[in-house]
């Protein structure tokens, strides 16, 4: 029946056929096109304003990225200064991911209570307090207290920034805009690596403190941003502040007609909440006892968060000095220089994803990403195995270069797909009534798995070797390819309300709408976007 319907509609995307509701939306768009648009200069100003709001909202992600990057190098000098053990090192590195889930969980409820943008501000304040405590910590215990507070603040910001950006973005640019937090994470990681390298020459008692203290600066800019960006129009509608929601939509839409159309869509979605009396406990009840449609949303939104982390990206970033030391690099300066190369590669390729995500779609990029990560993780395992167990078969320098190439390749493929699209999907797939808590639930899975990977990496590597760990990650990455095929739909170009109806229909779920062959045209696009030579 679905296939016949698609054929009858001239081969249109089957998920775009949304019965009478879509016909009304199509008629509204046709009517909007007939109405005069705002002058081109005015449309350009509004577009720049939307991008500015998305950038400011993404600054919270810089905090997370900087912490991840700077800790990989700072931990080397913390060990020497505070004499912490390997077990304490694992706890210190991994606890932030686990504790940040507390911020993510409470962030969903808080953002519904006080608004999206003020929740971002609260997260920045909590992070500042934690980072200050870490900077002046005289012992491991005090360091852990600051680390826990920083984790809670990061959880707040990471959860709500993606939701906020999705709710202010037009459908055609939502993929690009909601992937900005991933750009900021990568930029933060690069800043952390550069900070490690820049301050490594200072004394062991001072250098790591300065490295951590510099991380307070991005949160100061977040405070200024709160006076620039507007509140989410969808949250304002939830609070029945219709005139304010209309005013915000007029600021971020191409025309007054488009603003009214988006307002009507949001009002219709918000109307469902009124009839259900969507209190927080009822929302959680719906998530924990889901309907088939909500279950599909949870598979896609939470599953992508899980696979993003269990494929080992945080272990690769946090412990890159350990990986390169196992590959044969000896000096601390050379180790930190190699990590800067990793951070630079990760940042460059996230820019490639930004150019492609709204052009080719989410699913083709996820195929390229997961398959490429699988190959690079396996190659890294092979390089470390040969370097440690096949001495004489190749030059030590070749083994080091191969390991650096594999690590850079892994983070590059991660940045093309799994990194940014995780943020995009987790903020797209849930309807308005479930969006904050659903995104928070996805963050829980991602943060817990990230913490488990980070806190067990050194111990597991001692048991099965560093190379063995990357063979395990390569196997998990292979499974993620199947997950993308069966559980992730294509959401490119659809409004948030259309995506909700797509999950409600659920016809022919399981990867049929995007075939693996569709990714072949990506290779020329990537070559054009980034010089490979």
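All residue numbers here begin at 1 and follow the chain in the order shown.
Here the Cβ of each residue, glycine as well, is placed from N, Cα and C on the backbone.
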Item checked: From 120-138, 234-252, 253-271, the residue range that TrEMBL assigns the feature transmembrane segment -> 120-138
Notebook entry, point to check: Which stretch does TrEMBL mark as transmembrane segment, out of 12-33, 144-165?
Noted result: 144-165
Margin query: Quick test of your reading of TrEMBL: among 87-104, 177-194, where does it put transmembrane segment?
Written below: 177-194
Next item on the list: Among 398-426, 427-455, indicate the range for which TrEMBL gives the feature transmembrane segment.
Entry: 398-426
Check: Taking 295-317, 364-386 as the choices, which stretch does TrEMBL tie to transmembrane segment?
Finding: 364-386
Notebook entry, point to check: So which of 49-79, 177-194, 364-386, 463-488 is most in touch with the transmembrane segment (335-358), counting Cβ pairs under 8 Å?
Noted result: 177-194
Checklist line | Other parts of the chain folded back onto the transmembrane segment (206-229), taken as Cβ under 8 Å at six or more residues beyond its ends | finding: 52-53, 56-57, 59-60, 62-63, 66-67, 70, 73-75, 77-78, 81, 117-118, 120-121, 124-125, 127-128, 131-132, 134-136, 153, 157, 188, 191-192, 195-196, 199-200
Check: Do we see three or more Cβ pairs under 8 Å linking the transmembrane segment (398-426) and the transmembrane segment (177-194), pairs being at least 6 apart in sequence?
Finding: yes
Note to self: Averaged over the domain 'Major facilitator superfamily (MFS) profile' (53-492), what pLDDT does the predicted model reach?
What the structure shows: 84
